[in-house]
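Enquirer: Pasting a structure below so you can have a look.
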Amino acid sequence: MRKHRIVSLVAALLVLLALAAVSSTRSTQKESVADNAGMLAGGIKDVPANENDLQLQELARFAVNEHNQKANALLGFEKLVKAKTQVVAGTMYYLTIEVKDGEVKKLYEAKVWEKPWENFKQLQEFKPVEEGASA
C-alpha cells in the first residue's frame with residue numbers, strides 16, 4: 001500500500017513537471033514573437049543613427065528632388081532628421097527632412113517606397129511638418 005502511494009506521488013510530480021515545462025516553452029515562444037513584432041510586415045519601426053546612413057541620405061535627397069520636379073520648387077536638402085521604415089511589398093521609408101526654402105529652414109515629411117530588386121523608387125508623399133508637431 002505504501003509503495004502504491006509513493007508511485008502515485010512520483011507520477012503526480014512528473015505530470016506537474018511536464019506541465020510546467022510545456023507552460024514555460026509557450027511563454028518563451030510568446031515573448032519571442034513579441035520581441036520580433038517590429039520585424040513583422042506592416043510594423044513601422046524607428047531607424048537609429050540615421051544621420052550617417054548613406055542609403056537614407058540618398059533617399060532623402062531623392063524625395064526633395066522628386067518634390068522639386070513635381071511642384072516646380074527649389075527646396076535645398078539640408079539634412080535627414082528622422083527615419084522610420086515599414087516592410088510592405090518592398091520598404092516604405094518615413095523620412096523627416098530639413099530643407100532650405102531660400103534662406104528659411106523648414107521641416108518636411110516624406111514617404112518613399114522602394115523595391116530594390118526591381119530598381120523601383122517612388123515618392124508617395126511630401127508635405128510640410130505642421131507647426132507644433134514634434135519631429
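Glycine is treated like the rest: Cβ placed from N, Cα and C.
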Enquirer: Of the ranges 56-60, 86-90, 96-100, 106-110, which one does Swiss-Prot flag as motif 'Secondary area of contact'?
Expert: 86-90
Enquirer: What are the DSSP helix, strand and coil residue counts for the motif 'Secondary area of contact' (86-90)?
Expert: 0 helix, 4 strand, 1 coil
Enquirer: When you measure from the Cβ of Gly42 (site 'Reactive site'), which residues in the chain that are at least 6 apart have a Cβ under 8 Å away?
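Expert: Residues satisfying the criterion: Gln86, Val87, Val88.
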